[in-house]
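Report on the structure given below.
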Amino acid sequence: MAFAMSSSLTLFQYQSFGKKPFFSRRRDFAGCSMMNPLVARCNRATEICCVVRKDGEAESLVEAENDQLEEEVMKPTSIDSFSVVLRSERKKAERRTYLVAAMASSLGFTFMAAAAVYYRFAWQMEGGAVPLTEMMGTFSLAVGSAVGMEYWARWAHRALWHTSLWHMHESHHRPRDGPFELNDVFALINAFPAVALLAFGFFHRGFFSGLCFGAGLGITLYGMAYMFVHDGLVHRRFPVGPIATVPYFQWVAAAHQIHHADKFNGVPYGLFLGHKELEEVGGMEALEREIKRGVKVFSSSPNQS
C-alpha cells in the first residue's frame with residue numbers, strides 16, 4: 001500500500017528531540033542548507049514529499065497526482081453512466097406501469113360502452129318496434145359531444161388549468177417523477193359526468209335518456225382518444241406504434257409541443273385542433289419547424305414509439 005510522507009526538516013527538531021527520522025538512517029547535516037552558510041539563503045522550511053510503493057520503488061508526486069486525478073475523473077464518468085442506466089430503466093418501468101393502467105381503463109370502458117349500447121337497445125326493442133329516433137339521437141349526441149369536448153378542453157385548459165387550477169396542472173409542465181402526475185386527476189374528474197350520463201341513459205327509457213346515453217358515449221370516446229394521442233403520441237408515456245407517421249397526428253403532436261414551449265402565450269390550448277389555433281396567431285412557420293424536428297427525433301429513436 002502506497003503512502004505519502006511529508007516532513008519539515010529543521011535544526012530545532014533534531015537538536016531538541018534527538019530522534020531519528022522514520023525508515024531512514026541519521027543523516028549528516030553538514031551539507032544541508034540549514035548548516036552550511038554558503039547555501040543559507042535557501043528556504044529553511046522545505047517540504048519533502050514522496051510516495052513509497054509496495055515494491056520499494058519511489059514514484060514522483062506528479063505521477064501520483066496524475067493517477068489520482070485520472071481516478072477522480074473516471075469515478076464521476078462511471079457514476080454518471082450508472083445513473084443514466086438507472087434512469088433509463090426507471091423510465092421504462094414507468095412507461096410499462098402507465099401503459100398497463102391506460103390499456104386496462106381503455107379496454108374496460110370500451111367493453112362496458114359496447115355492452116351498454118347492445119343491451120340498452122336490445123332492452124328498448126323488446127316491444128318489437130325499433131326506436132329509430134332514439135337511436136339517431138344517441139348517435140348524434142355521441143358524435144356531437146366528442147367534438148364539443150375539444151372546445152370544452154380548450155376553454156378549460158386556458159381559463160382554468162393555467163389559472164386557478166395551475167397548482168395541479170403545473171405537474172404536467174415539469175419533468176415527471178414516476179408513472180403518474182397530479183394532472184392525471186383531470187381525467188378522473190371528466191370521467192364522472194360521462195359515467196353519470198351513461199348510467200342514466202342506460203336505466204331509463206325515452207328520447208331524452210337516449211340523448212344522455214349518447215353524450216356519455218361521446219365524452220368517453222374523446223377521453224380515450226385524448227389519452228392515446230396526448231399521453232402516448234405526444235408525451236410518449238407509452239408506445240403508440242405507426243400512427244406517429246400519420247401527417248395529421250404529426251400536426252397534433254407538434255402543435256402541443258409548441259404549447260409546452262410557450263412561444264405564443266400558451267397557444268394552442270386545444271389538442272386535436274391545435275394547428276388551427278396556431279394558424280390564427282401566425283404560428284404555422286413554427287409548426288412546420290416543430291414537425292420536421294419531431295420527424296427527425298422519431299427517425300433517430302431506437303424504440304420509435
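Just so you know, glycine gets a Cβ as well, placed from its N, Cα and C.
Computed from a predicted structure; not experimentally measured.
In Swiss-Prot, the feature motif 'Histidine box-2' is placed on 169-173, out of the ranges 24-28, 54-58, 169-173. Record note: among 62-67, 68-73, 230-235, 290-295, 230-235 is the stretch given as motif 'Histidine box-3' by Swiss-Prot.
For the motif 'Histidine box-1' (157-162), the list of distant contacts is 168-169, 186, 266, 269-270: same-chain residues at least six beyond its ends, Cβ to Cβ under 8 Å.
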